Amino acid sequence: MASLCLSSSRIVSLHHQKPFLSLKLRSRPSDLSGLGRHTSPVCFNPLRLSGDRQRTATVSTRVEKRRKRGSSVVCYAAPISANSLQWISTISCLALMLARGTGIHKSVVVPLFALHAPSSIVAWIKGEYGVWAAFLALIARLFFTFPGELELPFIALLLVIVAPYQVMNIRGKQEGAIIAIAISGFLAFQHFSRAGSLEKAYEKGSVLATVAIIGVTVVSLLLLL
C-alpha cells in the first residue's frame, strides 16, 4: 500500500506540475505575439537614404541662393526725367545771370530761361503771386537803381508774364529745343573764346560761369534727344 501511495503522490505531483509547465510554455508565445503586434520590422533601404540626401542638398542650395540674392547689391541707374533737366537748366541760367567772371551777353540768357523753366515755375510766375512780385519789383525799379545782375531776373519775370501763348507753347517741343541749343552754343562760344583758353575758363573767377554754360548746353542736347 505504501508503494501505491508513493506512486499516487508522484502522479499527483506530476499532475500538478504539468499545468504549471504548460502555462510557462504557453506564455512565451503570447509574449512574442504581443511583440509582433506592437512592433514593426526595420528595413534599411540605401536608395531611399540617397534620395533623402539629395533632397536635403537641393533645399540647402536653394536657401543659399535666396540669401545671396537678398544680400547682393543691385545697381540701377534710373534715367533723368525732363523735369529734372529743366531744373538744372534753370539753376544754371540764374547762375549765369549773377556770375561776373564771364564776357557773354547776359541778356541772351533770358529767353533761354523762359524756354527751359519748369512748368511749376511758369505757372507760379503767371499766377497771382508772380504778378504781384513783378508789380512790386517794377515799383521799386522806378525809384531805385538795380545792379545789372538783379535786372536780368526781373526782365525774365516780365518776359514770362507777357509772353503770348504761341511763344510759350513751343516749350518742350523740338522747335524750342533747337532754339535752346542755338542759344547755349552761342553762349559757350562767347565764353570760351573771350576767356582765351580752357585753363583760364576754369580759374577761380570764371569757374561758376563755365560750369553753368556746360550745364545749359548739355541739358539742351539731352532735351532734344
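Just so you know, glycine gets a Cβ as well, placed from its N, Cα and C.
What Swiss-Prot records for 1-76 is transit peptide, and it gives experimental evidence as the kind of evidence.
Annotation source Swiss-Prot lists transmembrane segment at 78-98 (among others), citing sequence analysis.
What Swiss-Prot lists as topological domain 'Chloroplast intermembrane' is 99-102 (among others), and the listing cites sequence analysis.
Taken from Swiss-Prot, the feature transmembrane segment applies to 103-123 (among others), supported by sequence analysis.
The DSSP breakdown of the topological domain 'Stromal' (124-128) into helical (H, G, I), extended (E, B) and coil residues amounts to 4 helix, 0 strand, 1 coil. Per Swiss-Prot, the feature topological domain 'Stromal' maps to 124-128; the stated evidence is sequence analysis.
What Swiss-Prot records for 129-149 (among others) is transmembrane segment, and it gives sequence analysis as the kind of evidence. For the transmembrane segment (129-149), the residues of the chain that approach it from at least six positions outside its boundaries are 97-98, 100, 106, 157-158, 160-161, judged by C-beta separation under 8 angstroms.
A Cβ distance under 8 Å defines the sequence-distant neighbours of the transmembrane segment (152-172), meaning residues of its chain 6+ beyond its ends; these are 82, 94, 97, 106-107, 109-111, 113-115, 117, 122, 125-126, 130-131, 133-134, 137-138, 141, 146, 179. Under the heading transmembrane segment, Swiss-Prot lists 152-172 (among others), citing sequence analysis as support.
What Swiss-Prot records for 176-196 (among others) is transmembrane segment. Packing against the transmembrane segment (176-196) from elsewhere in the chain are residues 89, 96, 102-105, 108-109, 111-112, 115-116, 170, 206, 209-210, 213-214, 216-217, 220-221, 223-224: each is 6 or more residues past its ends and has a CB under 8 Å from a CB in it.
Applying DSSP to the topological domain 'Chloroplast intermembrane' (197-204) sorts its residues as follows: 4 helix, 0 strand, 4 coil. Residues or ranges marked as topological domain 'Chloroplast intermembrane' in Swiss-Prot: 197-204 (among others).
Here Swiss-Prot flags 205-225 (among others) as transmembrane segment. Within the same chain, residues 80, 82, 85-86, 88-89, 91-93, 95-96, 99-102, 104, 112, 116, 174, 177-178, 180-181, 183-185, 187-188, 191, 195 sit at least 6 positions outside the transmembrane segment (205-225) and bring their C-beta atoms closer than 8 Å to a C-beta of that stretch.
Confidence in the topological domain 'Stromal' (124-128), given as mean pLDDT, stands at 92. With a cut-off of 8 Å between Cβ atoms, the residues of this chain six or more beyond the topological domain 'Stromal' (124-128) that come close are 117, 134, 157, 160-161.
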